[in-house]
Each structure stands twice: as structure tokens, then as C-alpha cells.
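**Student:** My questions will all concern the structure given below.
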Amino acid sequence: MDLSSHVAIVIGIFVGVVSTSIQSLGLTLQRKSHLLEEQRPSQRPPYRRRRWQIGMGLFITSNILGSSVQIGTLPLVILSPLQASGLVFNSICASALLGEPFTLLSLIGTVLVCMGAGLIAVFGTIKEPVHNLDELILLLYRRGFLVWLVGQGIIIIILQCIAQMSNSSRRPGASGRWRIIRGTAYGSISGILSADSLLLAKSAVELLIRTVVTGDNQFTSWPSWTIVISLVAAALFQLFYLHKGLKLCSTSVLYPLVFCVYNIFAISNGLIYYNQAGRLSTLSSSLIALGVLILLSGVLALSWRLEQSSQVFVQDADDGIPEHDEESEHTHLLTEPPSSPSVSEGWLRYLNVKSVSFVQREPSPTLPTRYGTIPRRRTMTETREILAELESESDASSSPRDHNQSG
């Protein structure tokens, strides 16, 4: 490898690291915009929010410019693990901008996803010569690839139905979980369309290279422009479903999930479209399957981390709050205070716990809150003053009654 190749690889790696970090920042800003907008009484469409505009602009720019430089300078063996480094930046942005906890499961999940992506990239890469339009059409109309396309369509329809059914579900106490299910369904669709966009982009680049190198214009017939139009449509729908997923699900889960689905379908598209499945050895196929399992394990670890965070929050919110009506309970306590000193102390501790239970909490960045808040905490002094007033009223009301009985 000559010096120019080394320089090109260094430039490609540098651009890749910068573009993936900017892409993670753009996704996090979009998610932040959705979270802040949910707290407004009248919500604005995303395109009217400055933070969302900046995030979407960063994401699209880093995708277009970064991918163009990386595809032209880096082999796939370096490119795919380099894209996995975006998971590290995504975790950093989610912790810094969204306030999500970075736990041991976060680290384990990120490392597992990077390892799985590396295995898939190293053992799933097969070199393919540049094709012309006629060869691409023959590959497209192969029965195996057509069956694969139909299967992808069925998967997308099933995911869309899952998202719609979870949207129509109104079971109490499960809204946060259904939001995550909808978000992951939309994210999976985005990952599939992203892999299809890559396949269409490769085909379009092959036609462009054939046109420039040989001078044989490959864009004189409608199939060539159909590939270009399909590429634009797939890219737009990929962004659309990614946007819907970001409104519902944390980037700590959505980004690794999309990356995982993208890698699986991108490798499958290449193996089936270029008829490369028979050219893989048993060892390579086994290691690719192992990489897929490691990828899925990483995504599950990140999902469990958020599930644990939400359970801690719900348990903390439920502490000390009874199931029956709060207003009737407070009315009963205020009208019939206990007279025994030991009972009064217990009631005192109870009132203080009740006042602490409704302290304003910082809402979770990934799940909706379940209870309202009050402006401030009731202090122990205020609680004692209330008890003193109630006991004095009780003594005053009991004195005339005792006097009448004695008379």
C-alpha cells in the first residue's frame, strides 16, 4: 500500500469519526426537541422548532458528506466498525443532553454492539466487480432476490401493524412500555429502509462509475432512473420513520437498534442480490451469525438498562401513595385528628411522608411521568403547626361537651 492510500485511509477515518459524532449529536438534539415539546400546552410541528431544525440539519449533512468520503476512501472492513463508534458518541450525548444514566449495562451494550458489527464487517465482506445496467437488472429479477424483497415488505407491514396496535392500546400503567414498542417498530422499519438505500446507492454508484470510466452512458433508459428515484424515496422514508421513532423512544435504544437492523439487512441484501451466499465458508457464516447474536445482545442490554431506570422511577413515585382517593383521605384526617400522643406522632410522620411523596420530581427523559407535582415541600414545622391547631380545636370542642355532661 503506497503513501497516498495510507493518507486516504487516515482522512477517511478522521472524517468518519467526526461525521458519526455529529450524527449522534443531531439525533440527540431531535430527541431533546420532542421531549421539550411534550411539556408545552400547545405543541408545534417539528419543522418550526429551532432545536429540531439544527438536529435534522446536522444529521443529514453528516450522513451525506461523511458517507461520500468514507465510501470512497475506506474498505468495508474499516467502515463498518467505524460506524459502530457512533454508539459511543450516542451514549455520551444521551447522558450529557438528555440526562439518561450511563450504567454498567450501557457500557456492556455499547461494547457488544461494536463487537458484533466488527464480526459482521470482517467476515461478511466479499469483493464484487463493477456491473453495468443489464447485469444489475438480471440480478434484480432473480427469483431469490424477489422473494427476499417480498419478505422485507411483509416484515415492514407487520412492524407497521405492531406500531398501530400499540398506539391504539390504552391500558393504564403501560403507556411508557407501549411507547417504546412503537418507537422500536418504527426504528426497525428505518433500519430496513436504510439497508435498502445502501443497496440502491451501490447500484447507482456502479452505473455512474461505468459511465465515467468507460464512457458508456448508463442513464439513457428508464430502469437507471428508476434506481435513482427509488434511492431518493427509500432515503426519505427512512428519515420519516426515524423521526417517528425519535418522538417515542430514547436514542440510547433507537440508535443501536437501527444500527443492528441495518447491518443485518445490509449483509443479507448483499449476499442475496449479488448471489454471494454460496461463496461464504461455513466458518464465515457461523461468525456472521455470532456477530448478529452479539449485536442483538447489545441492544437488549441497552433496553434493559432503560427498563430498570423506569422501574426505579415508578417505584419511587408510588412510594407512600395509597390506592384510594387522596382528597377524601385528607378530609378524613383533617376533620378527625387522633387524640393519643403515640397516634399523633404516627400521624405526624404520615403527614410528613405524604408531603414528601408529592415533591416535584425531575421527569425522566425516556418515559412520561405518572403523577402531578406541588410547588414545594411541606416542612416538619408546618406539619407540627397544623397538628397543634387541630388538637386545640379538638380540645375546644370537647370542653363544652364535658361541661354539659357534668351539669
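Cβ coordinates are placed from backbone N, Cα and C, and glycine is handled just like the others.
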**Student:** In TrEMBL, one of 50-71, 336-357 is tagged transmembrane segment. Which stretch would that be?
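**Tutor:** Transmembrane segment, as annotated by TrEMBL, spans 50-71.
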**Student:** Between the transmembrane segment (6-29) and the stretches 104-125, 184-202, 222-242, 254-274, 280-302, work out which stretch tops the count of Cβ pairs under 8 Å.
**Tutor:** 254-274
**Student:** Can you name the far-off residues of the same chain, 6+ from the ends of the transmembrane segment (145-163), with a Cβ under 8 Å from a Cβ of it?
**Tutor:** 139, 181-182, 185-186, 188-189, 192, 196, 265, 268-269, 272-273
**Student:** Between the stretches 104-125, 222-242, 254-274, 280-302, which one has more Cβ pairs under 8 Å with the transmembrane segment (184-202) than any other?
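**Tutor:** Ranking 104-125, 222-242, 254-274, 280-302 by Cβ pairs under 8 Å to the transmembrane segment (184-202) puts 254-274 first.
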**Student:** Are there 3 or more C-beta pairs under 8 Å linking the transmembrane segment (104-125) with the transmembrane segment (280-302), counting only pairs at least 6 apart in sequence?
**Tutor:** yes
